[in-house]
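Working notes for the structure below.
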Amino acid sequence: PPSGVSLWAQPPGGQVALGDRLVLSCAVATGTGPRSFSWHREGSGAPLGTGPHLELPHVGDNDSGHYRCRVSDGDSVAESDPLNVTVL
């Protein structure tokens with residue numbers, strides 16, 4: 001099963017100026033086979049995207065919050081720690 005899911009942001013620390021670009025990246029330390037990624041923001045129902053990267057080309061006021069990456073291999077699911085994104 002996937003484990004050791006880590007999440008990082010560009011710009012570092014998840015502090016991004018209003019209107020700028022934010023890229024979140026997700027990596028898995030262990031686990032083999034096909035994996036699916038999904039992105040979630042606290043308080044938002046539907047996944048924000050799939051794939052190992054989530055790009056927000058023009059960050060808005062409502063994009064701040066806690067983001068998580070979820071990784072599934074079909075049988076089990078692992079989640080990253082939340083990353084707090086702050087829009088400046």
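Cβ coordinates are placed from backbone N, Cα and C, and glycine is handled just like the others.
Copied over from TrEMBL:
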- 2-86: domain 'Ig-like' (DOMAIN)
- 33-88: region 'Disordered' (REGION)
- 55-73: compositional bias 'Basic and acidic residues' (COMPBIAS)
The domain 'Ig-like' (2-86): mean pLDDT? 94
Please list, for the compositional bias 'Basic and acidic residues' (55-73), how many residues fall into helix, strand and coil according to DSSP. 3 helix, 10 strand, 6 coil
